[in-house]
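Colleague: My questions all concern the structure below.
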Amino acid sequence: MALKRLKTKKSKRLTGRLKHKIEKKVRDHNKKERRAAKKNPKKGSKKQKLIQIPNICPFKDDILKEVEEAKQRQEAERLARREAFKAEREQNKFKTLESMVEDADMRSTVHGIMHENDAQDQDEKKYKNAVTKEQSLKQYFKEFRKVIENADVVLEVVDARDPLGTRCNEVERAVRGAPGNKRLVLVLNKADLVPRENLNNWIKYFRRSGPVTAFKASTQDQANRLGRRKLREMKTEKAMQGSVCIGAELLMSMLGNYCRNKGIKTSIRVGVVGIPNVGKSSIINSLTRGRSCMVGSTPGVTKSMQEVELDSKIKLIDCPGIVFTSGGENSHAVLKNAQRVGDVKDPFTIAESVLKRASKEYFCTMYDITNYDTFEEFFAKKAARMGKFLKKGVPDVVAAARSVLNDWNTGKIKYCTQPPEVQEGQSVHISASIVHSEAREFDVENFESMETEILEHCAVKTDDIMEITSTGPLEIRQPREEAEPADKITASLVIDEKEKPAKGRKRKLDEEKEKVDPSLLLEENQSLNKGIKQMQKLKKKQNVRNEKKISKITDVLDSFSLGPSSSKAEKYDFDEDYVIE
């Protein structure tokens, strides 16, 4: 019985639910296949249907003969193209060096002809940029001269990390030589970035030539009620590393003592000058405890002189940044943050000079990278660490070099300089009587002991701070034109020596002067290229109109004559003299 049951076949009867379910799946599958076949039809799967000529056609033989001849022509053309391709390939295989040179010269000539207009446009653009920069430099110097003329006290702001490198003796000469009894006070800003002992040494060094004070501007982002601390509260390193302002009370007390000792009953104007991005506007905001002036991490934010009222006795004047340079090399200006890092064409040379100032272990620890043998290897590893890659995974070494310069300017790479050694009996360029009188006016002696006592209590680790050699005070550039005093001092934009601007402009009538949109001269304008192209287009149209007018005038002059053209000049004959062109 068991074997009989095993041999019996399983019934094919299905439930209605399962049967309809299977049928539905089959329908869906077939529908999906048809849809896919419509989207991707198989090419060449079906044979092309032969075009047959019916026998009743009277010219069947002639038509077939023409078709056969057409096929033969196509085949002959295909074979001819094949033979020509083979011959060309054989000819190129044995190509000589002279023919390759001739081919290269021909292609370079064609390329030069095609891109000749582009080179002219680039030269014109460089010329316009140079002229614009020259105008900006003169405008910035005029603003600096206004600040010196209107101010009673001038605050020269320098970087505490390199005070000599960010100071210029020409500012002091301008203040001493200006009409009126003007005073100069040196402010060591960014005092939180250097060790206390180093800061104290710099204060003692500059006290020999005039009043000086340390300062740390506020880095808070709110619009008003900026934080401020007194020097007596600056007892720990943590207090110095905060975002609040330190040293404002001392500076305001010095200015108040100056007003009181000089018997000034009205108010004084205090000008704030220095190189770009040294913290002039930040100092004014810290003193006023508000956003009185625009500030930014890039140089050139302040464009013109701004006057801010601190209180009833003191008015502050903000000045655009000025740069005194003696040559065309801009590496020092970049490392002092006086020039934008994004404008540097070759950041590798300047970044390599930064890497040479410290050991490899210092930068490997700072950027968390492995040891390197060459500077190129360092930039590649740093770019990979930053996640900066170009196409095909190539490290962006340019971005890495610019990042090193930004770290140098923002204080991530900590450094300081030592004041020069002063020998006994060494003379100062300012007489001792002037120094003592200025110290009495500002009452510096009362604050000197307090500063020294506080700075001695503040000990800071100097392991991660490297000592570098200062580049020395900035010198004035040789003037281009002796009659023009504005060329003696250049502003925050440094012109490349290769791009020589125009020495002068020809006088033009007011009707013929080109009116330039002042918005195009702004550095922040994003539609600069569009505006320049539009101006060039208008200029071309005007030139075409002028040429047409000139050609019409010349035609009239050629056809016009004062003398008689013939013996019949006395009587005009319409048929003979009138000529239709």
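Each Cβ is built from the backbone N, Cα and C atoms, and glycine gets one as well.
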Colleague: Hey, which of SER99, SER312, SER431, SER492 does Swiss-Prot call phosphoserine?
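Modeller: Checked Swiss-Prot: the phosphoserine annotation sits on SER99.
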Colleague: Any idea what the model's mean pLDDT is for the coiled coil (64-108)?
Modeller: 85
Colleague: I want to verify one value. Collapsing DSSP to three states, which class is ASP318 (GTP binding site)?
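Modeller: Reduced to three states, the DSSP call for ASP318 (GTP binding site) is strand.
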